[in-house]
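Scroll down for the structure; my scribbles are underneath it.
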Amino acid sequence: MTNIPGEFENWYLDYEAGPEAVMEPQPEHIRGLPVSDILTPSDRYQELFVAVQTSRIFSDSKTFADCAPKIDPERIMFRYYLARERDDFNLHNFVLENFDLPQVNESHYVSDPEKTMAEHIDALWPVLTRHPKQHCEYSSLLPLPKPYVVPGGRFGETYYWDSYFSMLGFAAAGRCDLLRNMADNFAWMIDRYGHIPNGNRTYYLSRSQPPVFAMMVELFEKNGVNEAQRYLRHLKSEYAFWMDGQENLEPNQAYRHVVMLPDGVVLNRYWDDRDTPRDESYIEDVETARDSSRPSSEVYRDLRAGAASGWDYTSRWLSEPGRLASIQTTSIIPIDLNAFLYKLEMAIARLSAARGDEATAERYQQLAYRRQEAVNHYLWDNDTGLYRDYNWRDGEQATFSAAAVTPVYVGMASLDQANRTAKAVRDYLLAPGGLLSSMEQTGEQWDSPNGWAPLQWMAVKGFSIYGDENLAHEIASRWLRTVSSTYQQHHKMVEKYNVSGDAALLGAGGEYPLQDGFGWTNGVTRRLLEMYPEG
Ligand SMILES: OC[C@H]1O[C@H](O[C@H]2O[C@H](CO)[C@@H](O)[C@H](O)[C@H]2O)[C@H](O)[C@@H](O)[C@@H]1O
């Protein structure tokens with residue numbers, strides 16, 4: 001099979017600062033940051049945490065996980081043990097007296113209906129930007145050295161994979177300051193925590209999210225690779241995190257993110273180091289585990305691994321579509337994760353070669369080719385022409401979903417594979433309002449009828465790289481029509497959309513209400529408007 005390089009054109013970065021070959025890690029006290037609290041709220045507040053979450057005094061389980069204590073947490077616990085013995089004890093009042101509730105900054109933002117959608121998006125970036133000085137001691141928020149952009153709504157912290165798609169919009173708006181700040185924050189987290197967490201919350205530290213740092217770094221590759229060089233060390237550290245433990249595996253064994261297949265090749269899966277209910281979805285996870293006959297710890301681990309995938313939740317991770325308790329994320333080798341890691345291997349190879357380190361370049365290129373071969377063997381179905389996830393425990397391929405565009409997007413597919421993926425996308429996923437997430441309708445938010453900005457972007461860009469400009473333009477224009485008609489009706493951008501029909505509908509499903517803001521929708525839409533000004 002002939003391969004088409006997954007290069008992006010070096011678009012429009014107007015980045016002036018000189019290249020820095022290495023960005024040395026700096027101890028936190030040098031940067032003036034407080035030492036992070038690595039206890040999550042459930043670790044710290046124990047019985048109080050369980051009481052608050054199970055009594056449902058907040059409709060969203062994330063609210064209490066994001067509360068900041070007004071005084072030292074140990075004193076709060078002391079007060080709690082005394083207060084709860086009293087007959088007139090009121091848990092809700094106790095929480096309000098002892099904690100500050102999270103604020104949603106952009107809820108006060110009033111859209112100007114006169115603004116075009118692009119102007120609205122550009123005006124929102126400052127509203128969605130958080131500054132390091134807002135850190136509260138003992139809150140679950142992890143301080144970051146530089147300003148960062150959040151998705152919006154209940155998501156008041158930075159999110160790993162969302163950020164790449166938001167960054168497309170910063171670049172289109174000429175916000176190179178934000179681009180650099182975001183990339184530097186993620187590099188800093190790799191130094192500080194050994195990986196990029198799901199988001200900058202203590203309760204997100206035990207997992208990561210789809211590894212897209214190599215794609216962020218690629219945004220700095222204008223005029224060769226000089227600007228990207230400063231992140232090479234971080235790319236290697238991130239790779240070590242994802243491959244941790246591979247050297248001790250035997251065939252059919254798995255450890256954290258790595259799985260050894262029967263022929264000795266290693267591919268990756270999503271994972272979370274904890275196996276308890278998620279702090280931010282505590283009661284939801286307890287109820288899901290109750291609905292399963294498996295040990296609760298296994299269900300919790302699979303729910304957490306599903307959150308690490310960014311597709312929380314989807315039929316891709318379920319053995320019985322529509323039944324969340326059948327979740328089996330850790331049994332699945334996902335097509336998108338392995339494509340992102342191919343991209344990471346190729347980025348390390350390319351940046352090492354540019355530095356004259358041929359031995360490292362050669363090693364990572366071989367790793368990438370090996371992964372590509374293994375994906376072709378286990379995750380590519382040549383009979384039907386589909387990329388699918390692979391269940392390594394039962395040795396079967398799963399159903400087709402929009403994740404199949406990822407190998408096209410990263411340049412890992414042959415021309416034949418890309419063309420056959422394009423045909424499958426047209427046949428099964430192209431809907432009037434854009435690209436559906438999957439063919440299943442389960443009530444989960446990463447299934448049909450929902451469409452999400454990151455999936456539209458990877459499809460548009462991927463098919464365009466492989467020369468199918470018709471399909472690329474078709475997806476882009478359908479998506480832009482969906483987003484702009486919703487914007488005209490509601491003057492807002494949201495997290496996900498129902499793309500199944502001609503009329504623009506807001507997305508629904510999943511474990512929390514639809515959020516507006518919204519980082520990655522804004523970023524992808526802004527960039528697509530630039531690529532396709534006529535729609
Ligand atoms: O609170 C539940 C879950 O929420 C997050 O997932 C969803 O929002 C993220 C931010 O936009 C996005 O990255 C993810 O793809 C969405 O499914 C969070 O990432 C999960 O860890 C969390 O449990």
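Backbone N, Cα and C atoms are what each Cβ position is placed from, and that goes for glycine too.
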Given TrEMBL lists Arg154, Trp161, Asp162, Asn198, Arg207, Ser208, Gln209, Arg278, Asp279, Glu280, Glu511 for substrate, the same-site residue among Gly245, Gly306, Gly310, Gly322: Gly310
- prompt: With every protein chain in view, how many other Cβ atoms are within 10 Å of the Cβ of Arg207 (substrate binding site)?
  reply: 24
Query: Relative to ligand 1, which of the binding-site residues Asp162, Asp279, Gly310 have a Cβ found under 6 Å from one of its atoms?
result: Asp162, Gly310
- prompt: Could you state the CA-to-CA distance between Asp279 (substrate binding site) and Asp312 (active site, proton donor/acceptor) to the nearest Å?
  reply: 15
Field: Rounded Cα-Cα span from Glu495 (active site, proton donor/acceptor) to Arg154 (substrate binding site), Å
entry: 11
- line: Nearest to Asp312 (active site, proton donor/acceptor) by C-alpha distance, among the binding-site residues Asp162, Arg207, Gln209, is Gln209
Query: Distance between Gln209 (substrate binding site) and Glu495 (active site, proton donor/acceptor) at the Cα atoms, whole Å?
result: 17
Message: Quick check on the binding-site residues: of Arg154, Asp162, Gln209, Asp279, whose CB has the lowest count of neighbouring CB atoms inside 10 Å?
response: Arg154
